[in-house]
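So that you can see what the record holds, here are the features copied from Swiss-Prot:
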- ASP81, ASP123, LYS124, GLU494: Mg(2+) binding site (BINDING)
- CYS122, CYS195: [2Fe-2S] cluster binding site (BINDING)
- LYS124: N6-carboxylysine (MOD_RES)
- SER520: active site, proton acceptor (ACT_SITE)
Amino acid sequence: MPKLRSATSTEGRNMAGARALWRATGVKDNDFGKPIIAIANSFTQFVPGHVHLKDMGSLVAGAIEEAGGIAKEFNTIAVDDGIAMGHGGMLYSLPSRELIADSVEYMVNAHCADALVCISNCDKITPGMLMAALRLNIPVVFVSGGPMEAGKTKLSDKLIKLDLVDAMVAAADSSVSDEDSAKIERSACPTCGSCSGMFTANSMNCLTEALGLSLPGNGSMLATHADRRELFLEAGRRVMALTKRYYEKDDASALPRNIASFKAFENAMALDIAMGGSSNTVLHLLAAAQEADVAFTMDDIDRMSRQVPHLCKVAPSTAKYHMEDVHRAGGVMGILGELDRAGLLHTDVPHVAADAGGNLKSVLAKYDVMQTQDDNVKQFFMAGPAGIPTTKAFSQDCRWPSLDDDRREGCIRSREFAFSQEGGLAVLSGNLADNGCIVKTAGVDESNLTFTGSARVYESQDDAVAGILGGEVVAGDVVVIRYEGPKGGPGMQEMLYPTSYLKSRGLGKACALITDGRFSGGTSGLSIGHVSPEAAAGGTIALIENGDRIEIDIPKRSIKLAVSDAELAARRETMLARGPMAWKPLSRQRYVSMALKAYAMLATSADKGAVRDRSKLED
């Protein structure tokens with residue numbers, strides 16, 4: 001029978017000092033011997049997705065203590081990618097994922113906690129905590145802050161739905177008046193919560209449901225809705241149930257590495273492809289798989305992208321649906337139910353929402369709105385927006401008049417009526433990306449599935465933005481932004497501003513954009529990222545010259561630089577002749593801090609999840 005990890009610091013005469021300190025935190029005589037559950041909270045006033053999380057740890061703690069545990073809360077950092085976007089702050093976003101993972105590991109192992117609840121929400125916080133949870137392999141439940149309500153405003157007497165990207169595009173569009181731009185800005189982000197579309201934060205919170213590590217509704221229930229309170233309470237109760245199963249019954253199925261197996265990663269990727277999730281999810285799933293020692297790779301993603309249909313279309317891929325609409329249609333469980341009926345889901349895998357001995361099949365039987373007989377579940381998925389600006393969690397209890405169970409023309413479709421029979425993400429490869437690259441096909445217009453154009457090369461995102469706004473980029477160009485990968489940036493910046501500015505200039509369907517950086521979940525259009533190897537690691541993207549022809553064929557999963565092998569070999573020799581300046585941008589002026597240099601020293605390319613290169617850390 002496994003011994004409580006916390007016994008290391010609570011048992012024996014030699015631990016008198018440690019017990020004295022535990023007592024100073026409120027632990028009583030009769031508490032010693034109970035499991036100590038760590039609560040990793042990511043509350044911060046910097047981030048709308050986290051601004052309402054201050055008291056959530058106390059909610060979870062109350063449920064843990066009522067179930068017989070000791071709850072101890074700590075905090076992690078949280079970067080807002082939207083606020084960090086478009087300037088040097090974005091260099092810190094992806095590296096913060098590793099810091100979050102490390103900090104959770106440090107706190108949990110330093111204090112010998114027995115189990116963990118992760119309160120996360122936004123872009124790098126959920127992935128960082130996920131990496132830590134799989135690294136630690138102690139009982140864990142994830143519960144996020146939930147999505148924000150979609151913005152709404154009237155323009156030209158027409159009510160429209162909005163999100164963050166709309167504000168960015170409108171601000172850069174000279175045809176939009178100052179008055180309308182300000183109106184959109186003030187309406188785009190009305191409440192607390194993660195941005196309202198299927199951007200990275202919401203994508204990752206949905207994927208934790210599919211991995212089996214969070215409760216039904218975690219990814220889609222609005223941050224403002226009163227029903228979300230129960231998710232926090234149940235997270236506390238569930239982590240205690242998992243803790244007892246492992247430590248008292250020696251049930252290893254309660255551990256995250258046994259829940260998040262290869263099959264579970266396939267389920268998560270199937271969901272991601274079906275819902276057209278952010279391309280960043282590929283990066284984070286690959287990183288999490290490495291922490292779990294699961295051999296899930298880009299090859300698996302490529303294989304699945306050819307098999308799984310696109311069943312759910314959400315902003316930024318459409319203006320019609322946001323996360324509140326996904327929830328009304330049954331949330332993640334609704335999409336998983338359709339994947340199951342299509343024969344594309346493993347249902348024989350454990351799940352934190354299942355009782356001992358149960359699995360995803362039993363969870364779907366209760367929570368898939370197309371098969372459940374539970375009226376409470378149906379009411380749960382009818383939770384809707386109030387349309388009242390607020391930073392308070394659980395501040396409203398509005399409900400839709402009915403569920404969206406239209407699987408032919410609704411937000412979630414059956415396989416027969418899928419938005420497309422191939423999924424919302426694709427892996428492309430060719431001589432421009434030997435180890436692959438990613439495109440969010442859910443956001444690509446059918447007319448752009450094949451594209452050939454002339455390269456317009458930039459050595460940084462800043463130069464690309466200046467070029468787009470300055471009129472250098474014209475219809476038919478393929479904008480190439482390089483040296484923005486994990487090493488080259490360093491930090492692998494998101495390219496939301498370049499793609500937004502292409503749209504605002506009327507070039508959204510007339511140009512393509514290729515980068516060894518990455519894209520915001522808010523990106524749509526022919527935007528191809530994660531080019532691997534990156535420029536700084538000797539990738540072919542570093543050898544592209546202005547005017548080179550680039551051929552993109554998404555149906556064939558191909559991306560090709562139409563330059564002969566002999567010419568590429570000559571360019572590579574020229575690059576190597578630069579000595580210490582090889583594989584570096586010649587003209588870019590960018591301050592890189594010691595912290596970012598340390599990150600870059602160990603960072604791998606995107607095809608490995610941009611995690612640390614373990615080979616450099618082995619004895």
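Cβ coordinates are placed from backbone N, Cα and C, and glycine is handled just like the others.
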For ASP81 (Mg(2+) binding site), the three-state class that DSSP assigns: helix
All-chain count of other Cβ atoms within 10 Å of SER520 (active site, proton acceptor): 31
Whole-number Å value for how far SER520 (active site, proton acceptor) lies from CYS122 ([2Fe-2S] cluster binding site) (Cα to Cα): 12
Rounded distance in angstrom between the Cα atoms of CYS195 ([2Fe-2S] cluster binding site) and GLU494 (Mg(2+) binding site): 16
Residues within 8 Å of the ASP81, ASP123, LYS124, GLU494 Cβ centre (excluding the Mg(2+) site residues themselves): VAL79, ALA84, MET90, SER93, LEU94, CYS122, THR200, ALA201, ASN280, SER520
Number of Cβ atoms other than its own within 10 Å, given for CYS195 ([2Fe-2S] cluster binding site): 32
Where CYS195 ([2Fe-2S] cluster binding site) sits in the secondary structure, as DSSP reduces it to three classes: coil
Other CB atoms, at most 10 A from the CB of GLU494 (Mg(2+) binding site): 32
Rounded Cα-Cα span from SER520 (active site, proton acceptor) to LYS124 (Mg(2+) binding site), Å: 12
In the chain carrying ASP123 (Mg(2+) binding site), residues 6 or more apart in sequence that have Cβ under 8 angstroms from it: VAL79, ASP81, SER93, PHE199, THR200, ALA201, MET204, ASN280, GLY521
Rounded inter-Cα distance in Å - SER520 (active site, proton acceptor), GLU494 (Mg(2+) binding site): 5
